[in-house]
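Enquirer: Quick one: the structure is below, questions incoming.
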Amino acid sequence: MASMNFSPPEYPDYGTATLDPNIFVDESLNTPKLSVPDMIALVIFVMVFLVGVPGNFLVVWVTGFEVRRTINAIWFLNLAVADLLSCLALPILFSSIVQQGYWPFGNAACRILPSLILLNMYASILLLTTISADRFVLVFNPIWCQNYRGPQLAWAACSVAWAVALLLTVPSFIFRGVHTEYFPFWMTCGVDYSGVGVLVERGVAILRLLMGFLGPLVILSICYTFLLIRTWSRKATRSTKTLKVVVAVVVSFFVLWLPYQVTGMMMALFYKHSESFRRVSRLDSLCVAVAYINCCINPIIYVLAAQGFHSRFLKSLPARLRQVLAEESVGRDSKSITLSTVDTPAQKSQGV
């Protein structure tokens, strides 16, 4: 599923049998079984759905009340929306794997639902890059932030991130469709670049790798190297809460999406009928499932980062989320410059 390609299961060799769709097929010969990677993927999908839907809905609910006051809420609200959209598509993807890749949901669902995975990937990493840039400027240029950083700028940055994510998802939407075979009858959902050539397919895979993984990895590594050096050198404590949360979110993103990116690149480079391609494709659904863990892990990180979580979890989970997603002061030298998260000029010198 790095390209979300579902292949029909392996059936007995029918030799030179006709491809006439009206010919009788002995279905007793067709006894496909789920592979071990597919079964593991199904278990992961169930866990992600059960945790990701309520978890991200809770984050959306909590941050929805905070977006007018805090910029952090805007960042994490958009991240939660991206994750929630992907989680809501899980039942259909789950059903397709259970049916050995058979896709009965039509061409429109084939184009839209798997593309949500790529949209989530691009939106998440672009939003994380935006958040990281915000943290970088917040620490290294707090005066600029005090004057210009506000909800309107944050919403504009999120809008740009979503627009770019949609553009990067277009190739998946255009080249995706339902493929039908007649002996035996089988419908699969996947991408088909046969009309444009292998160079386009590899170009899309390289673009996905650069824009959805390597490029952001370089940018984020640079940002957080300087941020951590500054934090450690000045022994800041008040400004590290959100930094630690964002670092945890970023690290989990790259770890969980790495198998997806590797298999996607390998499937684009290997010849489609080679044994290497077949071996890698068997791990496809598992790699997507591992990447999907990213959709439910962020709310867990937010909650675990809240102070007093273990002792007060059952008392007020929304309060714990508000605590960890709140804005905080950023220390500079011996003075504490509190950065505004509201629009009104009078409040730009007040703590949040």
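Note: Cβ is positioned from N, Cα and C throughout, glycine not excepted.
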Enquirer: Check Swiss-Prot and name the cysteine among CYS87, CYS110, CYS287 that pairs with CYS189 in a disulfide.
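Expert: Answer per the record: CYS110.
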Enquirer: Using the topological domain names from Swiss-Prot, determine whether THR70 and SER281 lie on a common side of the membrane.
Expert: no
Enquirer: Determine which residues of the chain contact the transmembrane segment (71-94) at the Cβ level, with the cut-off under 8 Å and only residues 6 or more beyond its ends counted.
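Expert: Distal contacts: 42, 45-46, 48-49, 52-53, 56-57, 59-60, 62-64, 105, 109, 113-114, 116-117, 119-120, 123-124, 127-128, 130-131, 134, 149-151, 154-155, 158, 161-162, 242, 249, 288, 292, 294-296, 298-299, 302, 325-327, 341.
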Enquirer: What does DSSP give as the helix, strand and coil breakdown of the topological domain 'Cytoplasmic' (134-154)?
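Expert: Counts, helix then strand then coil: 18 helix, 0 strand, 3 coil.
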Enquirer: According to DSSP, which of helix, strand or coil covers CYS189 (disulfide bond)?
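Expert: SS state of CYS189 (disulfide bond) = strand.
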Enquirer: Could you tally the C-beta atoms, other than its own, that fall within 10 angstroms of the C-beta of CYS110 (disulfide bond)?
Expert: 25
Enquirer: For the topological domain 'Extracellular' (1-38), report the average pLDDT of the model, please.
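Expert: Taking every residue of the topological domain 'Extracellular' (1-38) together, the mean pLDDT is 51.
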